[in-house]
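Lifted from Swiss-Prot, the feature list:
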- G296, D297, V298, G299, S300, G301, K302, T303: ATP binding site (BINDING)
- 283-448: domain 'Helicase ATP-binding' (DOMAIN)
- 482-628: domain 'Helicase C-terminal' (DOMAIN)
- 48-146: region 'Wedge domain' (REGION)
- 397-400: motif 'DEAH box' (MOTIF)
Amino acid sequence: MTGRLLDAVPLSSLTGVGAALSNKLAKINLHTVQDLLLHLPLRYEDRTHLYPIGELLPGVYATVEGEVLNCNISFGGRRMMTCQISDGSGILTMRFFNFSAAMKNSLATGRRVLAYGEAKRGKYGAEMIHPEYRVQGDLSTPELQETLTPVYPTTEGVKQATLRKLTDQALDLLDTCAIEELLPPELSQGMMTLPEALRTLHRPPPTLQLSDLETGQHPAQRRLILEELLAHNLSMLALRAGAQRFHAQPLSANDALKNKLLAALPFKPTGAQARVVAEIERDMALDVPMMRLVQGDVGSGKTLVAALAALRAIAHGKQVALMAPTELLAEQHANNFRNWFEPLGIEVGWLAGKQKGKARLSQQEAIASGQVQMIVGTHAIFQEQVQFNGLALVIIDEQHRFGVHQRLALWEKGQQQGFHPHQLIMTATPIPRTLAMTAYADLDTSVIDELPPGRTPVTTVAIPDTRRTDIIDRVRHACITEGRQAYWVCTLIEESELLEAQAAEATWEELKLALPELNVGLVHGRMKPAEKQAVMASFKQGELHLLVATTVIEVGVDVPNASLMIIENPERLGLAQLHQLRGRVGRGAVASHCVLLYKTPLSKTAQIRLQVLRDSNDGFVIAQKDLEIRGPGELLGTRQTGNAEFKVADLLRDQAMIPEVQRLARHIHERYPQQAKALIERWMPETERYSNA
């Protein structure tokens, strides 16, 4: 294998990678050894030294070693195994909700155990829930890690340990194979080489300052951030050039349907909505495809803007497709559009992954014949077997869940008779202007900066978890005395959907016991779509008082009677995501409240962030504050808003680099076209395909 380029070495050549693991790795776009080396850690854990159990502080992640004192299984309410260990300085209780007989047998009294996890304050002193542990052999000194331990973004069925072992093999290959240096010499001078940077980031020595890594300031990160931002900018330059070569159906003014809808509405559009609709209509009258991003705060009325844009296309006898990220949100859109469009004689179709057999077939036939003019659904609407009949406009709701390459794939799927559909992309995640210019440089941007009248601002309070019982009483009062409904949102910092679902289930059990007089529902990401739909429908119809949920309810769910939201561990989420969640209440005329139920002690930055939410309901103000206050160790921004197009760069954190990166990208685009193409291929392979279209 000596001398080969690592972008040509498949992962199947690594020890332990068979067909099943290859398929799982492909789900996170890992196909070659180069892909794996560019799959960088989300964060790091310091497992290089031991903490005395007696000195553990709540909230600290630590490695401890101790002798097993006892290990017991209890069956009260929920099966649980507890194991107590001691190192002489104190006693730690390890708590497991998922365990096997083999685990119980391995933790025999007298055995020595090395454990890593988050220390918490329990009923009987220090405890860790589901720590990682290893039973020690006869060695007098524990086997500690020699480098900081990386935590990678992963997918179901791929463990951290697997990714770490595979990455070790990939790093060894750097000695015998090559990874191409693509930066022109005048740029890379004085910088770390690519192999050096990759070794440092995958296996940082314990002497390296964690704060440097957490703030993205380490030279190894700067080397890769520069390359990734350049690739992103180069891809935007290529896409802009490519888009101008496409043709779209020009849709001139035809306002009969629009005027009918406006006359039937019980309210008048805001000035901001009217301005944005005018910008969209100007674009749609041209013979090149519109590519416009509409930003609007939670509840600003983006759906009406989308409806008015859709009517322009339908008035010309064309079809419109609206794609939402979840079936939950797509179904809600379908209902809204039916209420508005059916009185105008417009048929609204609905396509989602859960549809099977005859229902799906008849819906596909209605779309292919042109009987259905407005099609609403999830990504299922762009599957191979769906044939459109004159598709002229594609609306994508919640852009941050669809990557650049996904929105470009819609061009390909929607193309008919040489015409490409116009594209309208809507997001409720406000982005400060400088960042929007970079993240969406291939799009024109409109902003709905005005809320409709009659919305009640949500009152937000931050309360420590020690007052949990008071909050449960507050939920009881809201649901029974006031006749309202409430959300209880569980958050988890882990990248595992399974652990998040388990946390939500545990909270659901707890609240059912504490509130026997309430009907309590549960919704999380691992439930089947049909189960989620059924629970949400029950909540919307008022059959459930309280909904325990993970962050799956972040987007678009609309239940006007819900006036109270509890968010557990809000310190784990970014401001934008907290603001999105809070937007699920305050959708009716009644006063609404959001309780941020935090664990103590709070970091200084977390305190400031929660204060921002208490002080403001304006998403654009909150986005700007997010830029100003994000402190060390809090990797928010692109990863947490779901913009997975960036592996190492963070548009919020790295914004100071953006003007220079834009200048350098133009230089490379003009002077080094081959390197430009290779950079896009390395960092954004899907986009590269479309920029050649």
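Cβ coordinates are placed from backbone N, Cα and C, and glycine is handled just like the others.
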*Taking the mean position of the Cβ atoms of G296, D297, V298, G299, S300, G301, K302, T303 as the ATP site, which residues outside that list, in the same chain, have a Cβ no more than 8 Å away, listed in sequence order?*
A428, I448, L451
*Would you mind ranking the binding-site residues G296, G299, G301 by how many other Cβ atoms sit within 10 Å of each Cβ and giving me the lowest?*
G299
*Could you give the mean pLDDT over the region 'Wedge domain' (48-146), rounded to a whole number?*
90
*Protein Cβ atoms within 10 Å of V298 (ATP binding site), excluding its own*: 24
*Mind checking which of S300, T303 has the fewest other CB atoms within 10 A of its CB? They're the binding-site residues.*
T303
*Which number gives the other C-beta atoms within 10 angstroms of the C-beta of K302 (ATP binding site), all protein chains shown included?*
24
*When DSSP states are grouped into helix, strand and coil, how many residues of the domain 'Helicase C-terminal' (482-628) land in each?*
67 helix, 27 strand, 53 coil
